[in-house]
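Asks: My questions will all concern the structure given below.
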Amino acid sequence: MNTSSTSHSLPAMQSEAEQPGSEEPAVVKDRPSPVRLGACACVALLMIGLGWSFVANPRIHWTVVGDYLFSRDILEGVLMTIVLTVYAMATGVFIGIALALMRLSDDWFLSGFARSYVTVMRGIPALVQLIFWYNLSAIFPHIGFSLPGLGSMFVDANKAITPMTAAVLGLGLCEGAYMAEIVRSGILGIDAGQREAALAVGLSRAQAMLKVILPQALRIIVPPTGNQVIGMMKLTSLASVISFTELLTSAQLIFNRTFEVIPLLIVASLWYLALSLVLSIGQRYLEQRFGRYKRRTMQ
């Protein structure tokens, strides 16, 4: 008797608990301690004080910042910064894809070459590489190459290696090492069954990579590539040491003439910040788009 009454009472208790009107247990929220509130207030006051002392400092000459913010020389420097970013990233992406495919190759020579390239280029600072390529004529005064039907041709290295060429080579070759690891991780992130299925339907290894693996790997490759683009945009400032007239060089040329160093550095910083914000918006859009694609494929 007791067993039957208990068995009849359990469904009733479960039905009452599952009713939509039943009360849910209250969630206990952690109340911030006075010490934490005091620390946050102190940090906020410190930041406000530092910011106000910077903004209200009469030695900064904010009128000079406004005068040069949209000046022709600065805008030309901004344009060259964008151009160098595009060229260097395009070079880095092309080299990165090639190195990633070589690294994943079964050929020991190609794999070893790609591994050595990544190790060397990631171990040498980008600034050193820029200076090296800019002074390449010191060891190779003439650059020679041969074309079928035209014979050998020689080019003066001083004329061929311009500041623009040296900047693209130095930044692009360095970026290729980092992009190689990003592309390789994206390819390895795809299930091996995708490649096996592509080979099973008659595709060659190259076709399977280009038509099946790489399109799926883009959702892994593209988001971190956005970070690399932002980093490359800021790395273009290193080209100022080889006299390439990007944004920082344009600001330097002005304050070398007017001796208004801090206002011109603020102008350059504001433009770098603006470009970073624009690129960050694009990166966030790509992350959301490829995130939706990933959720659809998982469903």
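Glycine is no exception: its Cβ is also placed from the backbone N, Cα and C atoms.
Positions annotated as region 'Disordered' by TrEMBL: 1-30. The feature transmembrane segment is assigned by TrEMBL to 37-57, 77-102, 123-140, 160-180, 235-255, 261-286. Taken from TrEMBL, the feature domain 'ABC transmembrane type-1' applies to 78-283.
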Asks: Per the 3+ Cβ pairs under 8 Å rule, pairs at least 6 apart in sequence, do the transmembrane segment (123-140) and the transmembrane segment (235-255) touch?
Replies: yes
Asks: By a Cβ-Cβ criterion of under 8 Å, what residues six or more beyond either terminus of the transmembrane segment (77-102) are in contact with it?
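Replies: Residues 110-111, 113-114, 117-118, 164, 167-169, 171-184, 187, 209, 225, 228-229, 232-233, 235-236, 239, 244-251, 268, 271, 275.
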Asks: Restricting to the same chain and to residues at least six past its boundaries, which positions have a Cβ under 8 Å from a Cβ of the transmembrane segment (160-180)?
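Replies: The answer is 84, 87-97, 99-100, 103, 114, 117-118, 120-122, 124, 126, 129-134, 136-137, 143, 225, 228, 232, 235-236, 238-239, 242-245.
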